[in-house]
Each structure stands twice: as C-alpha cells, then as structure tokens.
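Read through the structure below, which is laid out as structure tokens, and then see the notes.
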Amino acid sequence: MAKAKYERSKPHVNIGTIGHVDHGKTTLTAAITTVLANKGFAEAFNYADIDKAPEEKERGITINTAHVEYQTENRHYAHVDCPGHADYVKNMITGAAQMDGAILVVSAADGPMPQTREHILLGSRVGIQYIVVFLNKADMVDDPELLELVEMEVRELLSEYDFPGDDIPVITGSALKALENPTDEEAIKPIMDLMEAVDSYIPTPERATDKPFLMPIEDVFTITGRGTVATGRVEAGVLHVGDEVEIVGLTEEKKKVVVTGIEMFRKLLDEAQAGDNIGALLRGVQRTDIERGQVLSKPNSVHPHTKFVGQVYVLKKEEGGRHTPFFDGYRPQFYFRTTDVTGSIKLPDGMEMVMPGDHIDMNVELITPIAMDEGLRFAIREGGRTVGSGVVTKIVE
C-alpha cells in the first residue's frame, strides 16, 4: 500500500491528445502507456482498449472518451483520448474532460489537416494554453527537409491562433514503432522526449484553493436572531470567518457583506475551502437581498455581465436536443451554475440558422447580469431541457 500513497504526492496534471483523424492520437496514447509501463510508471493499454471508449453522458450529451493514467518521474497524468472528431468538439466545449494542456498529433506524412486547425482553434477558445506537438509517422518520410517543412507549417498554424508557435516543443517520431518495440531504447526515445517536454512545458495548474474565493449560492434561509445563511459548494479559494465578501449577480450593484460564521455538517468551522458544502452566515443582509443564482466572492474578483461571446455545441435530436434549427434572435434560457437567465442570441454574420449537431460562436445578451469570467461553462435550456452547451470565450460588457 505504501506505493499507492507515494503516487498521490506527485503534482497532478490533466492532458489529452488532439489532432486530425488517423494521424495517430490513439496509437500515441497506447505507446505512452506501454513505454511507461515498462519503466514501472503505468498500466499498459493497447490500441483496442482505448479505441472502444465507453459512451459517457455529460449533461445529457453523449461523448465517447477514453481515460488512461500514467506517471513520469515528476508527475501523475490523467490523459483523455476521443475516438471521433465530434467527441472532441463536445468534450472541449462542455469541459467534460478538463485539459490543462494538450499533445497535438500531426502526421509527418500528411502535414496539418482541417481537424488539426479546428482542434487548435477550439483549444484556444476554451482556454487550453499549452500545446506540445508530436510529429508522428516520421518513419514514413524519407526526406529530412520534408520533416522540417511540416514542422514549420505546424508552428505557423499554432501562431495563427495565438499560441507561441516558435517556442512550442515539437518532438518527431513514430508512435507505432515505440508501441511495437517498447524495450528498444532507440524506438522509445521520441516517447520519452515527448514526456519530458510535457513535464517541463505544461505547467502544474493552479489548485482550486489558490484561486480567489467563489461560492455559487444554492439556497438562502434566515436564522432568527442570527442573520441570513447562504448555502452552496465552494467552487474556488478559501473562506475564513470574518472575511468580507461580495454578493454578485442578478443586479447591476454588488453588495459587500461580512461572513460571521461558517457551518458544515452542523459543525462550526473557522475556514472553508474549495470542494466544501457550507452554510455561510452573513451579517446585515436581508433575506430579500440575496437569492439562488448569485455568487459570494472575494471583493473585486468577479463582476456581473450581460453581454458575452460564447462557443456553443447544439445538441442533436438523438441527444435530447431540438429537432429543428433555430434562427437569429432565438431567446432560450442560459443556465449558469445554479440558475436560468433568459438571453437573446445573435448569430455570426452571414449565418441564417443553426442546426442540431452544429458548433458555433454566438453573441448573447442576458436580461439580467450574471457573475462571469471567460472560461465559465453554461447550458442552453428550453422548457427545462438542455438544447446546447457552451463556454464563455469573451466578455463584451
């Protein structure tokens, strides 16, 4: 058992493979686990295990995702790989599988293809900041100049979408050769180089407890003679008794209040942190000043907004979504954290309508402000059922 305990002491990072169909994402994922398993750092998965990924339901959307885990000397990784292109699109937009960084797989024999571009664009929209490139199938390219050309193309493509194309690590190799010869030092060198690049280039993510305090309010009640209690699950940061916080959302104004008590499982605490379900006792707040759908947050860390741009995946009929397209000016409900707010949608210029199964950029104007930042996920609902899933990519006002 001692070993299992040691695993947890390594920093944890979530990554995934992205890139065009048949460029070797799944083969690379299998090769990483097989090569590292040989060094005692993973359980080996073969191609078929990963390829027949189970269907998962995330907010009613069907996504096929394979999860594998492995370690390097320095870190523990959770790695996602999706069999189909549509699965990637859904995964990235819904945030079903969080990625702190990604390995972009490009076939050296083919160069960047349409989905290579699309995955880079989506990654930049949904907040993946770090990409490491694996130029795969290098054994199929005889001319070293051709390899250099493909590498240049990939770097230019990354720069086009605001990634630091010149600085991104690019590793060249053959995932299949490594998978077939996991003990041959020469065959596995590219895999080891890739893991070293991932280790050093993709930073350890900031832990939720290090971020500014934020708690979406789920319920509010009054304790006679003591004040108003707001309950919810702390999403980020740490809260101490005596801290001043702001109530944000549903009104233009923010209201500052002091937390005079924190209760969890009927016990009083001095502090609460990310992941805790708590009741926060607030001084000098009327029951009518605060409601579900607002958030408690560290002063000036988050602001209420009504206009934003979102990247949205529209559910297919088979996923319980709409059976028909919607048009410019469509007014559904937008579900943020704990509440629905009506908003109107403006489609990109030249776009007449959106079909179920599409993913698009849309401009949204809500009728009441919501505490939001870029990267916040939301659902689009109509009569209580989810018809779309999205992420805020830009705050307008």
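Every residue, even glycine, has its Cβ placed from backbone N, Cα and C.
Copied over from Swiss-Prot, here are the features:
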type	residues	note
BINDING	19-26, 81-85, 136-139	GTP binding site
BINDING	THR26	Mg(2+) binding site
DOMAIN	10-206	domain 'tr-type G'
REGION	19-26	region 'G1'
REGION	60-64	region 'G2'
REGION	81-84	region 'G3'
REGION	136-139	region 'G4'
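Sequence features, as recorded in Swiss-Prot, placed on the structure.
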{"residue": "GLY19", "record": "GTP binding site", "Cβ within 10 Å": "27"}
{"residue": "ASP22", "record": "GTP binding site", "Cβ within 10 Å": "13"}
{"residue": "LYS25", "record": "GTP binding site", "Cβ within 10 Å": "26"}
{"residue": "THR26", "record": "Mg(2+) binding site", "Cβ within 10 Å": "24"}
{"residue": "CYS82", "record": "GTP binding site", "Cβ within 10 Å": "25"}
{"residue": "HIS85", "record": "GTP binding site", "Cβ within 10 Å": "15"}
{"residue": "ALA138", "record": "GTP binding site", "Cβ within 10 Å": "21"}
In Å, rounded, how far does the Cα of ALA138 (GTP binding site) sit from the Cα of THR26 (Mg(2+) binding site)?
16
Who are the chain neighbours of the region 'G4' (136-139) in space, where the CB to CB distance is under 8 Å and they lie at least 6 residues beyond its ends?
23-24, 27-28, 105-109, 147, 172-177, 190
Whole-number Å value for how far the residue listed as 'Mg(2+) binding site' lies from GLY19 (GTP binding site) (Cα to Cα):
10
In Å, rounded, how far does the Cα of HIS85 (GTP binding site) sit from the Cα of the residue listed as 'Mg(2+) binding site'?
12
Helix-strand-coil residue split for the region 'G2' (60-64), DSSP-based:
0 helix, 4 strand, 1 coil
When DSSP states are grouped into helix, strand and coil, how many residues of the region 'G3' (81-84) land in each?
0 helix, 1 strand, 3 coil
Please list the DSSP helix, strand and coil residue counts for the region 'G4' (136-139).
2 helix, 1 strand, 1 coil
Averaged pLDDT score, the region 'G2' (60-64)
79
